[in-house]
Amino acid sequence: MALLSEGLDEVPAACLSPCGPPNPTELFSESRRLALEELVAGGPEAFAAFLRRERLARFLNPDEVHAILRAAERPGEEGAAAAAAAEDSFGSSHDCSSGTYFPEQSDLEPPLLELGWPAFYQGAYRGATRVETHFQPRGAGEGGPYGCKDALRQQLRSAREVIAVVMDVFTDIDIFRDLQEICRKQGVAVYILLDQALLSQFLDMCMDLKVHPEQEKLMTVRTITGNIYYARSGTKIIGKVHEKFTLIDGIRVATGSYSFTWTDGKLNSSNLVILSGQVVEHFDLEFRILYAQSKPISPKLLSHFQSSNKFDHLTNRKPQSKELTLGNLLRMRLARLSSTPRKADLDPEMPAEGKAERKPHDCESSTVSEEDYFSSHRDELQSRKAIDAATQTEPGEEMPGLSVSEVGTQTSITTACAGTQTAVITRIASSQTTIWSRSTTTQTDMDENILFPRGTQSTEGSPVSKMSVSRSSSLKSSSSVSSQGSVASSTGSPASIRTTDFHNPGYPKYLGTPHLELYLSDSLRNLNKERQFHFAGIRSRLNHMLAMLSRRTLFTENHLGLHSGNFSRVNLLAVRDVALYPSYQ
C-alpha cells in the first residue's frame, strides 16, 4: 500500500490541474495519512523514520509536529473520557434518539439562538456591498485611518440588535467591557464563540475582572473546534479555530487577521476589513452553522477555577433557569423585530346629537320637496360640515404630526366617502319623483270632475299641473335612467286621461255643437304642442343626465379608485351641491 501511495505522491506537477476542479490526488494522500498515524502512535522519531523509509518529503515543520501531539486525545486519557461522559450526558438529557440505524448524535437538535436574531429571510436584500479597510499600526498623521481596535470598538457601539463574535482568542479587557456595557445599557444580545483550546485564557481574564459571563442575561459564551481527524487506533486530533469575524445587526461584519488581544491592538501588525451589504449574508449563514456545532462551556475547564470560588455558580447552574429568565426578553425582541409600531387611538369626536338628528331628516326627505328641504336646512348643513369631516377619519389615524404614509391613508378614506354619498343621493331622488307623480294624478282627476263644465279653465289647469309635475320631478335630479323613466310615465299619464275624457259617454250633448268642435281642435293642437315641448324637455334632460352620469363614472374610476360594495351612509347633503352640479369646462 505504501508503494502504491508513493506513486501517487510523486505525481509530477504538470499532471495537477492549475484551474478547474482539483484532482483526487491533490485532495487526499494515503502515504501522508499513514505518516500522521505513525506520528501519533510513535512520536517524532517514528514519523521521521517513516518519511525516510517511504522516501517522502517532510510536509510538517517541527512546530506543527508539536502542535499535533498536543492536540491529540487518546481513548484511555482522562480528558477524552471526561469529554465522552459530557457528550453522553448531553445526549441523554435531550433524549432525542430515534431508535433507527442512524446514531444518536444525528438526532440531536442544534442549540437555538435563544437571545434573538435579525429577521432576515433567505435572499433578502441588505444593501449595496461596501468595503472599509483598517490596518494596525495605523498611518501617521491626523488624517490617517483608524486602527483596528478603535474601528472595531466604534462598530460595536453602533449595534442596536445583536452582536455575534467568532474569535480564536479573547483576552482584551477593553473590548470585553464594551460588550458588557452594550448588553446592560443598550439591551443588545451578544453571542461569543471561542476556540475550545483557548477558552481557559478567556476565563482567566473574567476571573481577573471578577466578572461571571454566564450571569449576563444577554450574553452567551460557547466553544467551537476545527476539523477533527480520527486515527485507526481511536486517537482523534482536534483542529484549531482560525476564523475571526464579528457580525453586527446582520448588516455589517468586521473580519481580518486582528484578534481580540492587547498585543494585536498595540504591537502586532494586523488588518481589519469592515463589510456591509449583501455579502454579509454569507457570514450570517456561517455563524449559524458554527453556533449549531458549538457546545457550552466544558465542566473540565470550570474545575480548574473551583479553588478560587469565582465560578461555583457555573458548575451548579441549571440550563433551564436561563431559558426561563429570557422568555419575556425573547418575546419582546421578536416583537420588536417583526412588528410595526402601534398607532395612537383617537376617540371619535362625533356628537350624539348629529346621530339623533339624522333620522328625522331621512324621513322628511322622502315626503318633502327638495327646495323646501334645502331652504330649511342650509344653515344646519354649513354648521355640521366640520363635524362630519371629523367623523370620516378612522380612529387609528393620528391627526397631529402626520407622516407621509398616513396622508396617503386619509386620501383613500376621502375617496370611499365620496362614492358613498353619490350612491345614496340617487335613491332619494327616485323616491321623491314617484310620490309626486301619484299626487299629481289624483289632483288632475279632481279638476276634471269639478271644473270641466267651464271649459277653458279645465283645459288650462291640466297643462299647468303637468308642467309643475315635470319640473318638480326633474329639477335638480341626479338619479339614474330608471328614475327618469318614472318621470316620463307620470307626465304621460295625465295626458292619456285627458284624451279619453273627451270621449266620455257622460257628455254627449257637447259633441254636436260647432263651438265645441273648434274648442276641441284648438285644445288638441295646444295639447300636441305641449306634448312635443314636454317630450323635447324630457329628452334633453335625459341626455344631460346620461352625460353627467357617464362623466361621473369615468371620474370615479380613473381618479378616485372607487370599488363596488356596501357603504355606510354619512351626511349626504353636505356634498350634494358639488355632486349634482359639477362645473365642466
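Heads up, residue numbers simply count up from 1 along the chain you see.
Glycine residues also receive a Cβ, built from the backbone N, Cα and C atoms like all the rest.
For 1-299, the entry in Swiss-Prot reads region 'DUF1669', with the evidence type a curator's inference. In the predicted structure, the region 'DUF1669' (1-299) carries a mean pLDDT of 81.
Secondary structure at S298 (phosphoserine), as computed by DSSP, is coil. Positions annotated as phosphoserine by Swiss-Prot: S298 (among others).
If you look up Swiss-Prot, you'll see 338-384 (among others) marked as region 'Disordered'.
Summarising the annotation, Swiss-Prot assigns compositional bias 'Basic and acidic residues' to 342-364 (among others).
Per Swiss-Prot, compositional bias 'Basic and acidic residues' is recorded for 374-384 (among others).
Marked as region 'Disordered' by Swiss-Prot: 439-501 (among others).
The annotation phosphoserine is assigned in Swiss-Prot to S462 (among others).
Taken from Swiss-Prot, the feature compositional bias 'Low complexity' covers 462-493.
Per Swiss-Prot, the feature phosphothreonine maps to T513; the stated evidence is a large-scale study or a structure entry.
The phosphoserine annotation in Swiss-Prot covers S568 (among others).
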Can you tell me how many other Cβ atoms are located within 10 Å of the Cβ belonging to S298 (phosphoserine)? 15
